[in-house]
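Peer 1: Questions regarding the structure given below will be posed in turn.
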Amino acid sequence: MSNNSRHYSAIDEAILQGQAMLETLFGKPVAQRENPAKGLSQPALTSAEKKQSIGFMRVNHSGEVCAQALYHGQMATAKNPAVRALFTTAAKEETDHLAWCQERLEELGGHTSYLNAFWYTNSFLIGLLAGLSGDPLSLGFVEETEKQVEIHLADHLRKIPSNDLKSRKIVEYMQQDEIQHGLNARSSGAKELPYLVKKLMAFHAKVMTTLAYWI
């Protein structure tokens with residue numbers, strides 16, 4: 001029986017979610033796909049350029065921490081096995097993003113956000129609430145989240161130094177994946193979220209991106 005269709009007890013689910021949190025926050029993520037920046041010849045960056053790139057890649061890494069938490073929260077409460085499978089697949093692809101961002105941060109000499117445990121906990125609870133609202137709204141939450149993430153990534157591509165080829169290549173690949181995740185959610189029956197919920201999501205994202213850039 002596949003993991004997607006297997007029934008877990010509440011204790012099993014809690015153990016699985018705890019393991020996922022620890023792996024995300026303290027483990028070294030392993031990508032299933034090759035880093036798109038691998039093999040690129042990277043020109044030298046000035047100190048100012050490197051500092052700027054570190055800030056944006058730290059934000060992107062924290063965004064992927066949030067994505068892991070959101071998807072795991074939604075997986076834990078999904079009613080339809082097909083919806084749970086969709087979340088599981090998306091979470092695996094987001095793990096690739098997490099690994100790529102972490103690898104690039106290390107190359108740049110930067111650190112991940114010191115607030116990642118807070119981001120994860122907060123996002124996991126949001127994912128649980130989204131899932132408990134029913135699969136259509138949970139899928140709508142994914143669609144809206146990915147729309148907002150794609151906008152953030154497009155903004156980063158305008159601001160990351162033009163000669164930071166590796167960071168830009170990673171962000172470009174991430175952007176395409178996020179667009180596809182949103183389309184997948186829509187085609188699976190996503191229900192549009194209320195306007196106020198969208199605004200609250202944007203505010204939450206603004207707080208995270210602002211703080212993670214520096215801390």
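For all residues, glycine too, the Cβ spot is worked out from N, Cα and C.
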Peer 1: According to Swiss-Prot, GLU64, GLU94, HIS97 bind Fe cation 1; which one of GLU172, GLU178 is listed for that same site?
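Peer 2: Looking through GLU172, GLU178, the residue Swiss-Prot assigns to the Fe cation 1 site is GLU178.
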Peer 1: Looking at Swiss-Prot, which one out of GLU106, GLU107, GLU146 binds Fe cation 2 in the same site as GLU94, GLU178, HIS181?
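Peer 2: Only hit among GLU106, GLU107, GLU146 in Swiss-Prot's Fe cation 2 site, alongside GLU94, GLU178, HIS181: GLU146.
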Peer 1: Where the distance is taken from Cα to Cα, which of the binding-site residues GLU94, HIS97, GLU178 turns out closest to GLU146 (Fe cation 2 binding site)?
Peer 2: GLU178
